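*Asks:* As annotated in TrEMBL:
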- 246-281: domain 'EF-hand' (DOMAIN)
- 1-23: signal peptide (SIGNAL)
Amino acid sequence: MHQSISCAAMSIALLFGSLLTGADHCGAQVLESAPTSEEATATTSVVDAVEKDYRELICARAADASDAYQDQAIDLALRQGYVDARFDAIVRQSMQNASYPEQWNVEELSRAIKLLPLCTLAPREQAELVFECYLECEDSKTDSRLRSQLKQVLRRYPDPTSRLVNERLRQTDDPKSVLPLVDIVGSSTEATLPRLMELAKSGDPEVAVYVMGWIPNLMEQVRKLNQRSRKLAEQKKLGVEGLDSRMVAYAKRIIGRYDTDGDQELTPEEYEKMLQSPAVADADENGRISIGEYAAWLQSRSRRQE
């Protein structure tokens, strides 16, 4: 019996020994396969170098009008989000050429539209180029599709577009080409409404009917735009941009309760009656607690408690 127990014990010992040996072997393999910091750095350097070369290759081919695969390169640049100043010249030239009938090229213009998100032109210049190109579109089916694409681009820039529409409507006696853009509501749309009223009373029935149908909708959108502008201006004045509206409302209520002079700030004399001193919220350390400071502190405290 003792002999069988000894054999069993020996078998167990051998089993554990083999497991431990295997574990040591596996550990050695892990240690051997783990890359060193130098190897990891080398790998990163290779990837960075390839990425730089790849970006240069794609941008160069996307900007080369003579490249047979320019369109494919543009698609790849869009997929990767490669913004490059070389695309500016393509956009400018293609859209400025649109003012010359003999150089009108829908394919080039469509390519320029695709490149707009990747160029470095200022939004105002983009809007001006696209606006002039839009006005040059004829009534052919191909140009109709192009006009629709151009209008979608102009919707990205409502303020400069509404300014251009306002200026053109005041300058021209034939507003038909501009009127389809009045529904792009921006900062200058309100100033355009009086001119639209003039056109609604004009002798051209087509223009009058079109404008009369749009004026009520535009007035409503302008009201909403003005409300948003006033709200943003108030938030900026109070220093509460980006803060939780609930925290802002609570801060207004608390400060309003102790604000004796109505300046929407609390001095030490005003907040000394509060159960919990808000002095810690004085971010600019001027001795006064504004609504923005108090709301920001409340929001920060709320997040710490979550």
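Glycine too: its Cβ is placed from the backbone N, Cα and C atoms.
Tell me about the surroundings of these features in the structure.
*Replies:* Mapped onto DSSP classes, the domain 'EF-hand' (246-281) shows 20 helix, 2 strand, 14 coil.
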*Asks:* Would you mind listing the long-range same-chain contacts of the domain 'EF-hand' (246-281), meaning Cβ under 8 Å and 6+ residues beyond its ends?
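*Replies:* Sequence-distant neighbours of the domain 'EF-hand' (246-281): 235, 238, 240, 287-299, 302.
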*Asks:* Tell me, what is the mean pLDDT of the domain 'EF-hand' (246-281)?
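*Replies:* Taking every residue in the domain 'EF-hand' (246-281) and averaging pLDDT yields 89.
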